[in-house]
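Worksheet: one structure, shown below.
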Amino acid sequence: MERLANVALAGLSLAPLVVNVDPNLNVVLTACLTVFVGCYRSVKPTPPSETMSKEHAMRFPLVGSAMLLSLFLLFKFLSKDLVNAVLTCYFFVLGIAAFSATLLPSIKRFLPEKWNEDLVIWHFPYFRSLEFEFTRSQIVAAIPGTMFCVWYAKQKHWLANNVLGLAFSIQGIEMLSLGSFKTGAILLAGLFVYDIFWVFFTPVMVSVAKSFDAPIKLLFPTSDLKRPFSMLGLGDIVIPGIFVALALRFDVSRGKGPQYFKSAFSGYAVGVISTIIVMNWFQAAQPALLYIVPAVIGFLAVHCIWNGDVKPLLEFDESKTQSTEEVAAEESKKVE
């Protein structure tokens, strides 16, 4: 299923090059497929070692606001070309890492086992205490990653922007963990207010999104010459996506099928569709989290209450979940 979603996402990304694709449909399908792929990639034998605390979730909207306002002021008082040149260098390095990590699972299948497992330790010249660990498989994956990022830096083509944006989104959903649904609810509630404030009450969000020439948003070609692209911020994919991924890992931890994942994912799809409908109705930019957050939490809450699983869902803490290796070790000790 995940492989099919990967193929569909790749085909959908390339389709506007050869056929006219309705941008509204493209936004909905791309966002949903990205979340789907990221969620299934996040399911691993070992639970995440780093999880977000409630305190971090509370501070996140404040930190995000400070960064957003800082970018707005930089674009206002400095040369836009200079700011974007610096950001291009920054995202060039990040893009290699994200694109390579996204390709790695597919590349590893064709490489020797030793290349996937044996670590190479490289010490920085003159700073021997600083070291960098990697496998030869990661070096192989970094070659197409570097070539692709060079193309992005030179051409700034919308397809290159989208591929890097999708890689960032998938890696974000795969690697980030909320830890618990309580923390997730705090984070989504805070960013719900954050998105509404910066879009409806200030020109900051829209201004930064239009000025920021970096893969922090997905671009969808339109037939309108005045507005050649529709945009969707990566935050509208990653933030709800890590909550939906938590629902999938909750299902897996209980040894059941994707029960609550389906309801959370359905809520995300409804939220994105609602955003598109309202945006076209009013012909104005909309804070996507205004519609996505209530839909995701609402669908999951109703399903959970209906099944009587409120207590286990609220008590679920991924940071305290044992890995499959630890469970197997305990079971072997009991047998002995």
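Cβ atoms are placed via backbone N, Cα and C, with glycine included.
Any TrEMBL annotation is an automated prediction that lacks curation.
Annotated features, as they stand in TrEMBL:
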TRANSMEM  60-79  transmembrane segment
TRANSMEM  85-104  transmembrane segment
TRANSMEM  134-153  transmembrane segment
TRANSMEM  159-178  transmembrane segment
TRANSMEM  185-209  transmembrane segment
TRANSMEM  229-248  transmembrane segment
TRANSMEM  260-282  transmembrane segment
TRANSMEM  288-306  transmembrane segment
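Between the transmembrane segment (159-178) and the transmembrane segment (85-104), three or more CB pairs separated by 6 or more residues in sequence fall under 8 Å, so the two stretches touch. Long-range neighbours of the transmembrane segment (288-306) within the same chain, counting only residues 6 or more positions beyond its ends whose Cβ lies under 8 Å from a Cβ of the stretch, are 185, 188-189, 191-192, 194-196, 232-233, 235-236, 239-240, 243-244, 247, 259-260, 263-264, 266-268, 270-272, 274-275, 278, 313. With a threshold of 8 Å between CB atoms, the same-chain residues lying at least 6 positions outside the transmembrane segment (85-104) that come near it are 137-138, 141-142, 144-146, 148-149, 152-153, 163-164, 166-168, 170-171, 212-215.
If you look at the transmembrane segment (60-79) against the transmembrane segment (185-209), you find at least three C-beta pairs under 8 angstroms, all six or more positions apart, and that counts as contact. Within its own chain, the transmembrane segment (185-209) has Cβ neighbours under 8 Å at 52, 54, 57-58, 60-61, 64-65, 68-69, 71-72, 75, 178, 217, 231, 233, 235, 239-240, 243, 285-290, 293-294, 296-297, counting only residues six or more beyond its boundaries.
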